[in-house]
Structures are given as C-alpha cells and as structure tokens.
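Just below is one structure, and these are the notes that go with it.
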Amino acid sequence: MSMGLEITGTSLAVLGWLCTIVCCALPMWRVSAFIGSSIITAQITWEGLWMNCVVQSTGQMQCKMYDSLLALPQDLQAARALIVVSILLAAFGLLVALVGAQCTNCVQDETAKAKITIVAGVLFLLAAVLTLVPVSWSANTIIRDFYNPLVPEAQKREMGTGLYVGWAAAALQLLGGALLCCSCPPREKYAPTKILYSAPRSTGPGTGTGTAYDRKDYV
C-alpha cells in the first residue's frame with residue numbers, strides 16, 4: 001500500500017470522526033415543520049441528542065438540557081449511546097492507524113504494520129455503521145410521523161442539519177476505512193533453491209553397478 005493512499009484513507013476517516021462529534025453536539029436533529037397553522041409561528045424548535053432549543057423571530061435563542069432520558073423518543077435514546085460509542089471507536093481506530101502508519105517507527109515489521117492498518121480500517125468501518133444506524137433511524141421516524149395523519153401538526157418535525165452531518169460523517173468513515181483495509185501485507189519473496197545432483201560412478205571396472213554411466217563417460 002502506498003503512503004499516499006494510507007494518508008488519504010486516514011485523513012478521510014479523521015474528517016468523518018470530526019463530523020460525528022459535530023453531529024453529536026448539534027441540537028438540530030429535528031426542527032419545526034412549517035405546515036398548517038405553524039407557518040405563522042414566531043419561533044423555531046430545535047431538538048438534538050442532549051438539548052432542545054427555541055429560536056425566536058427576534059434571533060434570541062434559549063436552550064435547555066433534557067430533564068429525563070426516559071422522556072426522549074426511542075430513536076434519540078439509542079442515538080445517544082451509538083453515537084458516543086462511534087466517537088470512541090473512531091478515536092481508538094485513529095490511534096491504531098498512527099501505530100501502523102508507514103511514517104512512524106512504532107512497529108518496524110512491514111507485515112505487522114499492514115495488519116495493524118487493516119485493523120484500523122475495520123474500526124473506522126464499524127464506527128461508520130454505528131453513526132449511520134441512529135441517523136437513518138431518526139430520519140425514518142421523522143418522515144413516518146410527518147406523513148402520519150394522527151400526529152398533530154404542531155408535533156411534526158423535519159430533518160435537521162445534524163442528520164445530514166451524520167450521513168456525511170458515515171460516508172467519510174466508510175471511504176477512509178475501506179482505503180485502509182486495502183493495505184495488504186507485503187509478500188515475502190523466496191529465491192528458488194538449486195539442488196545439484198551428481199551421477200553415481202562405479203567403484204571399479206568389474207562391478208555391475210553404474211556400467212551405464214561408465215559407458216557414457218567413455219563415449
């Protein structure tokens with residue numbers, strides 16, 4: 001694997017990791033849907049993993065942490081755990097990638113470095129899946145409730161910026177992890193061993209063994 005490909009894969013994975021952190025912190029997973037009577041509202045509601053915010057038409061914003069975890073929808077409860085695990089897993093993958101990088105001297109064996117880089121790629125792929133699942137789950141819940149006639153219009157939401165950042169983070173980590181997994185251990189080259197065979201010779205002119213070889217020698 002070339003160093004350029006390794007650096008590209010690591011850079012994409014790190015960028016995806018940073019986007020996951022932004023996705024986790026943004027209080028914009030769900031935003032108010034301006035439909036029906038809510039079009040003339042003077043405030044916008046944002047809902048994230050850790051807090052919800054109310055933005056007034058004057059630009060004033062008030063944010064409040066959630067009082068109870070159990071009061072959150074199931075998709076946001078699961079998203080909290082999965083996103084945090086994804087961030088920690090990607091951070092560990094970054095450390096593993098640095099250990100197995102060709103530009104570092106933590107490991108001298110090239111074969112071991114390639115295997116360590118593959119492990120880092122797998123960790124980034126797992127982190128991408130852990131980010132993709134909760135983001136897609138939340139998006140599916142928002143779309144389902146939006147088209148559900150039983151849900152009041154005031155409670156309907158649209159997809160916020162946090163979900164799009166999460167999808168971008170998952171895509172970057174998938175691409176970066178896949179590039180790192182392309183690191184194949186170098187094949188060891190063995191020189192073919194030459195084995196020389198010598199023809200047996202007879203011990204004397206009268207012996208029966210090796211007469212064919214004796215005749216060939218005298219021709």
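Cβ coordinates are placed from backbone N, Cα and C, and glycine is handled just like the others.
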With reference to Swiss-Prot, specify whether SER2 and LYS113 are located on the same side of the membrane.
yes
The candidate from TYR190, TYR197, TYR213 that Swiss-Prot records as phosphotyrosine is TYR197
The candidate from SER198, SER202 that Swiss-Prot records as phosphoserine is SER198
Please figure out which one of 81-101, 116-136, 162-182 racks up the most CB pairs under 8 Å against the transmembrane segment (9-29).
162-182
State the non-local partners of the topological domain 'Extracellular' (137-161) in its own chain: residues 6+ outside its ends, Cβ under 8 Å from one of its Cβ atoms.
26, 28-33, 35-38, 45-48, 73, 75-76, 78-79
Per-state residue totals over the topological domain 'Cytoplasmic' (102-115) - DSSP helix, strand, coil:
6 helix, 0 strand, 8 coil
